[in-house]
Amino acid sequence: MSTAAVTDKRPSSLRGASLPKWSPWAIAAGSVVVAVAIGLIGGLSSKIQWGLIAAILFVLGTYGIAARVEGRRQAKDRVATSLVWVAFLLAVIPLVSLVWTTVSRGVKVLDVYFLTHSMGVVADSEPGGGIYHAIIGSLEQVGLATVIGAPVGILTAIYLVEYGRGKLAKSVTFFVDVMTGIPSIVAGLFILSLMLIFEMQPFGFAGSLALAILMMPVVVRSTEEMLKLVPNELREASLALGVPKWRTILKVVLPTSIGGITTGVMLAIARIAGETAPVLLLVFGNPFINNNPFEGAQASLPLYIYQQYAQSAGANAAYDRAWAASLTLIAFVMILNLVARGIARWKAPKTGR
Amino acid sequence: MDISTKTTDAPPPTPQPGVTEQKRNARGASRPGDRIFLGLSRGSGILLLVIMAAIAVFLTYRASLAISKDHGNFLTTFEWNTNLTPPTFGIAVLAYGTVISSIIAMVIAVPVAVAIALFLTHYAPRRLSGPIAYVIDLLAAVPSIVYGLWGALILVPHMTGLYGWLNDYLGWTGLFSWDEGAPRAMLTVGILLAIMILPIITNVSREVFRQVPRMHEEAALALGATRWEVVRMAVLPFGRSGVISASMLGLGRALGETMAVATVLSPDYVIHLSLLNPGGGTFAQNIASKFGEATEQGRDALIASGLVLFVITLLVNGAARAIIARRKEYSGANA
């Protein structure tokens, strides 16, 4: 179909024949039509199969046509291009589906009542109830984890960038790298082993400790990157005026990089806010409101989602609540992310270009 | 004359730079503020080391309590009965399940992630690639429990068609035979894990591809290479080590993923050859699902399996870091 178009406009003898710009779209449309036809005739029920057939036809068709008109190498190039596009579109489907389902099913029961009531007197399979207790638990646990994790992380980064030389700094750097990879459940098991030794019952602060362990390496890494961006001239200028090193760090280095550090801490908070496994082991979950993180089991948003899913034996009311809680959690995490990135852009690193 | 007096009167008068450095450090350290601040920051560095050591020590301690009571062989027993009076448990099934699900995830995720990274850096229209990269960044932040909920309620029902098809055409291999159960099996877990680790592998690979020297690409183009040939000859060789370490970071996540596996898999303490039949388990999933009903003895056994997971992820991440360390520019730790 396209050979005619090609022979019409061949611009110069230096360029080989090439397919017109619309040809990928034409081949794509053609392969979709053929795939639908095959699907209907062959009686294939699954839309996924239709999609797969269309994709295969598209790749084969592109290669065949391009190889005839433009030559082997161009054909390979076109196939690679279409494969890259197909991979991208394939990957987008689940991700879009995830966001779409969470939003569309989450808004069903998400209202002020849902946000301000607990599950105290509501059976898991009944409609009603809310996530107030889980929000309280999440905020307290994540807040306490941040209070512990962020200062330790920032101070460690300061040590590594401003003071660190020699063996200690090297081993800290190495173990920070290793620590970023610890699965959250292992951090939970570590605190659990301590609780077993001291014979303690689950309580919110134990979860905070595990979350703090997960948070520290992330904060160290991002703060380190930010401190390295601070121009050395600033430090030298301050030191040359006779300002002690610690005041230089507090008054010159940190203010210069505060935007980036805040971003890093917020991203770390967003990450630990969604952790379920350590909370499941250490805080245990509780349908009632418990405002005291230091005594008694608490709830938390991610744990609430898991328990609504796992303990409700397939009741629709519980699934609705799980989706609504997911939407709340995602919204919280996304807002943190967006604000953090906003701060990063607003306080862009002041390097002398 | 004038100049010489000035130089001698100046506060740091020594001509040798090494000596100046030493003196300043010595004076700096003697100030109480400096000493406190150095102590604090060094202390928190040491605290991190202490935490890592404590994790290893306490997990090993509780694990040794459990393993000493274990009636079966910890490595080869196909059972997890921690409530028997001599408890009998072993990690064979968990090790198999963890490895298989991660392999499936890697086989799917790595090529797709590399393709997306190439798409963003070399194929997409420039106006599109910025926002898409941003969205993928955000997707990396979606909590794993949400992926788990989506996997269990949306992905699982959609897998039936694929399972039937695989069973019809590839069932004879044994790997893809299916007995019509709910598709809550290793293949679904692998696919879900692949979706979850896609953003992180894409992000790190994208950073690497972006750093390919412009000159290499232009040289290839000038020699008449097509876009694909540029990618194959200039971009991929440059980015290989980066892609490998990105994959290892993704593998680390897949190995330790708990909630997504726990919601999707219907666990069963057996090893199926087929990837489509429900059953099996992973280290992390087993800990989350068995924890609720476990006695203290059972919890120690779970800690023992967690110790194995800890060691595995340490090795994988260590390897990834070693590869990254060779090219310091792109550390994937913030991704």
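Heads up, the Cβ atoms here are built off N, Cα and C, so glycines get one too.
If you look up TrEMBL, you'll see A:135-340 marked as domain 'ABC transmembrane type-1'. The feature transmembrane segment is assigned by TrEMBL to A:22-42, A:48-67, A:79-100, A:142-161, A:173-197, A:203-220, A:252-273, A:322-344.
Recorded stretches compared: A:22-42, A:48-67, A:203-220, A:252-273, A:322-344; the one with the most Cβ pairs under 8 Å to the transmembrane segment (A:173-197) is A:203-220.
Contact counts against the transmembrane segment (A:322-344), taken as Cβ pairs under 8 Å, peak for A:252-273 among the stretches A:22-42, A:48-67, A:203-220, A:252-273. For the transmembrane segment (A:203-220), the list of distant contacts is 137, 140-142, 144-146, 148-150, 152-154, 156-157, 160, 176-177, 179-180, 182, 184, 187-188, 190-191, 195, 264-265, 267-269, 271-272, 275, 278-279, 281-283, 290, 292-298, 300: same-chain residues at least six beyond its ends, Cβ to Cβ under 8 Å.
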